[in-house]
Amino acid sequence: MIFKKHAPLRGEITVPGDKSISHRAVMFGALAEGTTEITNFLQGADCLSTIHCFRMLGIDIENTPERILIHGKGLHGLSAPADTLDTGNSGTTTRLISGILAGQPFSCTLNGDASIQSRPMKRIMEPLSQMGADIVSLKDNGCAPLRICGSHLHGIHYSSPVASAQVKSCILLAGLYADAPTSVTEPQLSRNHTELMLAGFGADVQSHGTTATILPEPVLSGMKITVPGDISSAAYFIAAGLMIPGSEILIRNVGINPTRDGILRVVRDMGGDVTVLNEKVSGGEPVADLLVKHSALHGTDIGGGIIPTLIDELPVIAVLACMAEGTTVIRDAQELKVKESDRIAVMTENLTAMGAHVTATDDGMIIEGGHPLHGAVIDSHLDHRIAMSFAVAALAADGETEITGADCVRISYPDFYETLKALMG
Ligand code: S3P
């Protein structure tokens, strides 16, 4: 797909439903008794993988453009799948469902695409094994395909070496089936949608600082969930609006949960003009409209506890840093190496191809802003967040930019290019 320089971007948009929340609504709805109705569900390929897996586990799910209906069968209502569960490109599906499957009275095999087959699963195999689960990597390389034979699980306290909501959620979900309370402490607080939503369904989940604790065997009851807009999808338009002269974009109904809003704090530190309007709480999650105006930006230092709150936004923040005066340092972000692609290597390689001054480090990047970007051929590595970040970079670059594998945006934002076009007027 070819992109050209464009100025300005103006208008009002909504972004699709939050990916993390959409996955969880399907999973927890399946484990609840009665019907769960989800509106503003993200119809992205990752969330469709979750629907596909739960249908294979015997759950009746109606998917229409207006709403999703999950006919839950309770904590013990899943049945053995006839075939391997295909989790596609989705790390959230793979890791969270593993926690649920560890406590079932049947065995099954999970597998995904080439990216999933290279992402680390030891981080869930280790704590699940401590709980008594029988989970093996079939190629013995710590990755999918995984074979999980449901077992009797014990409650544990797990100190996670990584701040990962997927790891935390996997353990808490296994904890639903354990014989005693289960808790997880993380080095920094990761997104807390599992804790908030499971409590909404009726589970006893307590959070104290970076520790979350769940009690086993709750009765979960079906509920209505309206999914807020995904701040990780809004991030591309926040960056584009700030970077491109003359731009003004109003993004309606964006989730601004404090475990996800790091990008707002960082762009403000960089001198970005983003106003939060009409704050309200919807389905237990804070949401707001974001008004973004073009701004003169300067470099900043990003590291420590803020990293988990903007981990998926770092690729587009790196693009923004190229347009800012001065140096931006991103550190403590080694997790970027094990996302859908190695995002430190792929961002550095592609930004350098466009004329940016970027140095990859072990745990992030050093970006010297203020060097004009030019068009280039960009390899998305089939990573949706890379493709969208470079579509934004291309709007500020001289000449033409070609992005290969650009349709991978269907993973999290199927209408991304249409929305971008609408803002071009
Ligand atoms: C997610 C958690 C994060 C994030 C991913 C979605 C979730 O991954 O990068 O896109 O829904 O729990 P990690 O848990 O690996 O940090």
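Yeah, the Cβs are placed from backbone N, Cα and C, and that goes for glycine too.
Remember, TrEMBL labels are computer predictions, not curated facts.
Record features (TrEMBL):
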type	residues	note
ACT_SITE	Asp312	active site, proton acceptor
BINDING	Lys19, Gly91, Arg119, Gln166, Arg343, Arg385	phosphoenolpyruvate binding site
BINDING	Lys19, Ser20, Arg24, Ser164, Gln166, Asp312, Lys339	3-phosphoshikimate binding site
DOMAIN	5-420	domain 'Enolpyruvate transferase'
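Known features from TrEMBL, placed on the structure.
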residue	record	Cβ neighbours (10 Å)
Lys19	phosphoenolpyruvate binding site	24
Ser20	3-phosphoshikimate binding site	28
Gly91	phosphoenolpyruvate binding site	21
Arg119	phosphoenolpyruvate binding site	19
Ser164	3-phosphoshikimate binding site	24
Gln166	phosphoenolpyruvate binding site	24
Asp312	active site, proton acceptor	24
Lys339	3-phosphoshikimate binding site	20
Arg343	phosphoenolpyruvate binding site	25
Arg385	phosphoenolpyruvate binding site	28
May I ask you to report the DSSP-based helix, strand or coil state of Arg385 (phosphoenolpyruvate binding site)? helix
Restricting to the same chain and to sequence separations of six or more, state which residues have a Cβ under 8 Å from that of Arg24 (3-phosphoshikimate binding site). Leu96, Ser169, His193, Thr194, Met197
Ligand 1 is in the model; which of the binding-site residues Ser20, Arg119, Gln166, Arg385 have a C-beta less than 6 angstroms from one of its atoms? Ser20, Gln166
Sort the binding-site residues Lys19, Gln166, Arg385 by C-alpha distance from Lys339 (3-phosphoshikimate binding site) and give me just the closest. Arg385
Across the listed phosphoenolpyruvate-binding residues, Lys19, Gly91, Arg119, Gln166, Arg343, Arg385, what is the farthest Cα to Cα distance, given in whole Å? 19
Helix, strand or coil at Ser20 (3-phosphoshikimate binding site), per DSSP? helix
On the 0 to 100 pLDDT scale, where does the domain 'Enolpyruvate transferase' (5-420) sit on average? 98
With DSSP assignments reduced to helix, strand and coil, which class does Ser164 (3-phosphoshikimate binding site) get? coil
Quick one: pull the CA-CA distance for Lys19 (phosphoenolpyruvate binding site) versus Ser164 (3-phosphoshikimate binding site), whole Å only. 15
